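J.: Just dropping this structure here.
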Amino acid sequence: LAQSLLALFASSLAISLVFAIIPLCHNVLVLAVVMAVAGLAMGCIDTISNMQLVKIYQKDSAIFLQALHFFVGFGALLSPLIADPFLSDTNCILSNGTANASSNLPHIRKSLLPHHPGNLSHYELPMKGLVVTRVSYAFWIMALINLPVPIAVFFLLYKERMVPCFNGSSHPLLSADELALETRPGDKDELSTTSQRPLTAAAGHEDLFSCCQSKNFQGASFTYFAVHISGALVLFMTDGIVGEYSGFVYSYAVEEPLAVVHKVAGYLPSLFWGFITLGRLISIPVSYRMKPATMVFINVVGVLITFLLLLIFSSSVVFLFVGTASLGLFLSSTFPSMLAYTEDILQYKGCATTVLVTGAGIGEMVLQLLVGSIIHDRGSYSFLVCGMIFGCLAFTFYALLVFFHRMYPKPSPGKRAPALSTALGWER
């Protein structure tokens, strides 16, 4: 727990620093390095936060994972709204020809869409002069908004006596045995010892990277690896769909046969993320009543049906908006539900979380690149065809996961995860 909180503190602080530095980068290579640091920090936060929720709440982690990912979607919806007032529709560099160049910008934007630019040689844009952009303020505001996060994590470290310099006077928020739950009956004898050593992690999780140690794989069955791989492949496809749909639905809408007005098409990504956020909010109470496996099944089938209807009604602008909202709703809870389902199969070891988060991240990166190149070569209709194929693959990998779940050895009654009352220390 101490290692995870220190990593969260460093990563969240790095994000504030990166956002503060980005407007000061005047070289593309420096900007690339800074963005790489931001990506690394965000990846650490994503993995550690999911993994610790699974370890702490175990059988009840599905509700907390849904809440976590609701805030992920809420942030993705909110941050463009913060940046929007600082984005300029005119040229950002003042020179003698600025007025003429600024008036040409809408025409240039129109010429750049669709993907094959027209002849832009008759437009002159100044490359040198006084920079008057205000977009820097958006980055600095985001850096300030994020700053309370590392402060809150540091406060938690301090209260749990995990800061080396300040571990004498503070009183822990919860006792160590309530934070680091034990899943084996024999561990109850160690609770008094654990409370004396708050820096020690839960038994079986002595190290943040314990899942990667080869000794944990000794004697593991084929189904153990199959569950990890099939679960990661489901998220590879579904998170890849999230990335490619939000990235290319605008380009698809403004091209033939739909030819939606640019301003109207710009609402599609916002609608998509808005319904992802709404779906995650709805999933918090739903996950209390419904099993994660059932939720994932509804999600992948819903995605498949939505893409099928989008292909059938591909010439309807109205259904494009309806389908975008429906797709966001079905994709919203796939990640946290799959995480809860897979960890439930594997008795909440926390190891599957890293594999699944990595698979989702790779899918979001690779499928955007793949779909972008296919759209460029084959036209806009291939955008929906790719989505349909990815949806079919996601359903296939989910079916394989269910098959491997049935083959996976069931845990003994003594190794079942504790209930929510135990997680919150109510049994006392």
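Using N, Cα and C of the backbone, Cβ positions are placed for all residues, glycine too.
The transmembrane segment annotation in TrEMBL covers 30-49, 61-82, 137-158, 222-242, 264-282, 294-313, 353-375, 381-404.
Map the listed features onto the structure and describe their local environment.
T.: Distant neighbours of the transmembrane segment (61-82): 49-50, 53-54, 138, 141-142, 145, 270, 273-274, 276-277, 279-281, 283-284, 287-288, 292, 332-333, 335-337, 339-340, 343, 348; these residues of the same chain sit at least 6 beyond its ends, with a Cβ under 8 Å from one of its Cβ atoms.
Only residues 6 or more beyond the boundaries of the transmembrane segment (137-158), in the same chain, are considered here, and those with a CB under 8 A from a CB of the stretch are 2, 5-6, 8-9, 12-13, 15-20, 22-23, 79, 82-83, 85-87, 166, 170, 173.
Remote same-chain partners of the transmembrane segment (381-404), defined as residues 6 or more beyond its termini with a Cβ less than 8 Å from a stretch Cβ, comprise 223, 226-227, 230-231, 233-234, 237-238, 240-241, 244-245, 248-249, 251-252, 293, 296-297, 300-301, 303-304, 307-308, 310-311, 314, 341-342, 367, 370-371, 374-375.
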J.: Residues sitting near the transmembrane segment (353-375): Cβ under 8 Å, six or more positions beyond its termini, same chain?
T.: 43, 46-47, 50-51, 54, 115, 211, 228-229, 231-233, 235-244, 247-248, 251-252, 335, 338-339, 342-343, 382-383, 386, 390
